[in-house]
Amino acid sequence: MGRFIFVSFGLLVVFLSLSGTAADCLSGWSSYEGHCYKPFNELKNWADAENFCTQQQAGGHLVSFQSSEEADFVVKLAFQTFDHSIFWMGLSNVWNQCNWQWSNAAMLRYKAWAEESYCVYFKSTNNKWRSRSCRMMANFVCEF
């Protein structure tokens with residue numbers, strides 16, 4: 001009897017320790033390193049895609065990558081879902097932070113920028129990031 005209780009307690013400890021190792025993902029979402037991911041085969045501009053992701057789950061956003069391994073995981077998911085090789089990720093307005101300077105070393109004082117914002121998409125055929133108008137349409141991957 002004592003041995004049964006000891007073994008049962010041991011199994012309970014193992015179960016509880018393993019249950020916290022993966023994210024609690026919704027049905028249809030895939031888990032990696034404590035986060036949940038889902039590719040959506042819907043064409044949206046960047047802002048609409050980000051808004052859609054925030055509505056899926058608390059803490060949801062367009063995917064962000066913290067490592068090449070995470071990017072590889074997401075690309076495999078995307079290839080199973082998309083007809084196209086590009087998808088939005090959560091990086092945007094990267095050019096607004098640049099310190100522009102003229103080639104003659106003069107500071108930029110006069111500005112006539114178009115109101116175009118640039119957002120970043122992931123090209124899964126070569127695992128590279130590219131920027132394009134945030135108004136363009138692309139598939140996307142959400143993460144929470």
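Cβ atoms are placed via backbone N, Cα and C, with glycine included.
As the structure is a computational prediction, the values presented were derived from the model and not from experiment.
According to Swiss-Prot, the cysteine that forms a disulfide bond with C134, out of C98, C119, is C119.
On a Cα basis, C142 (disulfide bond) lies 12 Å away from C25 (disulfide bond). For the domain 'C-type lectin' (32-143), the DSSP counts in helix, strand and coil order read 29 helix, 40 strand, 43 coil. Between the listed disulfide-bonded residues, namely C25, C36, C134, the fewest other CB atoms within 10 angstroms of a CB are found at C25.
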